[in-house]
Amino acid sequence: MNKLLILFLLLNAALTRQDNHASANNKPMLYNINSAPLYFEKFITQYNKQYKSEDEKKYRYNIFRHNIESINQKNSRNDSAVYKINRFADMPKNEIVIRHTGLASGELGLNFCETIVVDGPAQRQRPVSFDWRSMNKITSVKDQGMCGACWRFASLGALESQYAIKYDRLIDLSEQQLVDCDFVDMGCDGGLIHTAYEQIMKMGGVEQEFDYSYKAERQPCALKPHKFATGVRNCYRYVILNEERLEDLLRYVGPIAIAVDAVDLTDYYGGIVSFCENNGLNHAVLLVGYGVENNVPYWIIKNSWGSDYGEDGYVRVRRGVNSCGMINELASSAQVV
């Protein structure tokens, strides 16, 4: 066997052992920046990355190197969150926001949804932890791909849970229907959670995923009303002012689609994120539960970046500190017919 190939395989095995060490412990070993070229080649193979030219490859490598330096800084913090190289590692943060989030800014829609202010005293006797997944009311994690339509995954995720709560059955609803047939929101270029519900009300219902499958791009509307699986009876937009009251709302209403700033979450791998700033809301996700680990309270959030992201597609953020700007007026949920 070629000596260079043997050397590469040995180095790759060493890097793999380092990655395994990272996942086996609470805090990972820091990436060796001098090994960035090897990390990058492994990354290209693992995620089947293809670049149009050597210039683009160099450009992506420089971003990749910067991102692993940032990951090292995050992993040096005094919290339990772990960050690792993932499929976004060759992308600058603004590109990730453009391609893989999709929450619109400003007011859209007809505002059919009732507005509820989430504030005031919380219930005195509250369970320490709560998770809708344990009751089989959450559908599987999905992947929005390179389409800025997080708003539809979050809104339909909440609607799927409402259907499961009411009918004790999980169904996957069609995100593609909203991409193609919601003409108020902007398909793969952004939208709002509550306007998705308003548009489902206007359409008359929503089909199941297998009847109107996801393409991750806008196509001509092919609505089939006879295939509607359910619809929206009422929708609600929440002005969240109090996280303890949000706990009560989550337990009594069901999973809630919320808006966050996802920039600090792009390279998340596991643990509880304690440092997540809000420099502008850009992503919609589904709030499904909460808990406490090592005296640190946290929220459980379902993302739409596939099951290989984070903790099987989920992320935990610290509760009670407005993590990622989640205390805002863009949260929403709906009742199914």
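Each residue, glycine too, has its Cβ placed from N, Cα and C.
In the three-state DSSP assignment, the secondary structure recorded for Cys150 (active site) is helix. Per Swiss-Prot, the feature active site maps to Cys150 (among others); the stated evidence is similarity to another entry.
Taken from Swiss-Prot, the feature active site covers His283 (among others), and the record attributes it to similarity to another entry. Following the DSSP three-state reduction, the secondary structure of His283 (active site) is strand.
DSSP assigns Asn303 (active site) to coil, not to a helix or a strand. Around Asn303 (active site), taking its Cβ as the centre, 29 other Cβ atoms fall within 10 Å, counting all chains. Residues annotated as active site in Swiss-Prot: Asn303 (among others).
Here Swiss-Prot flags Cys147-Cys188 (among others) as disulfide bond, drawing on similarity to another entry. All protein chains shown were included, and the count of other CB atoms within 10 Å of the CB of Cys147 (disulfide bond) stands at 24.
In this structure, Cys221 (disulfide bond) belongs to neither helix nor strand by DSSP; it is coil. Taking a C-beta cut-off of under 8 Å and a sequence gap of six or more, Cys221 (disulfide bond) has these contacts in its own chain: Asp180, Cys181. Taken from Swiss-Prot, the feature disulfide bond applies to Cys181-Cys221 (among others), supported by similarity to another entry.
Per Swiss-Prot, disulfide bond is recorded for Cys276-Cys324 (among others). In sequence order, Val260, Asp261, Asp264, Leu265, Val317, Arg318, Ser323, Cys324 are the residues near Cys276 (disulfide bond), counting only same-chain partners six or more apart with C-beta under 8 A. According to DSSP, Cys276 (disulfide bond) is assigned to coil rather than to any helix or strand.
Residues or ranges marked as signal peptide by Swiss-Prot on the basis of sequence analysis: 1-16.
It is Cys188, among the disulfide-bonded residues Cys181, Cys188, whose Cβ has the fewest other Cβ atoms within 10 Å in the structure shown.
It is 6 Å from the Cα atom of Cys150 (active site) to that of His283 (active site). Taking the Cβ of His283 (active site) as reference, residues of its chain lying under 8 Å away and at least six apart in sequence are, in sequence order, Val97, Thr101, Gly102, Leu103, Cys150, Ala259, Val260, Asp261, Ala262.
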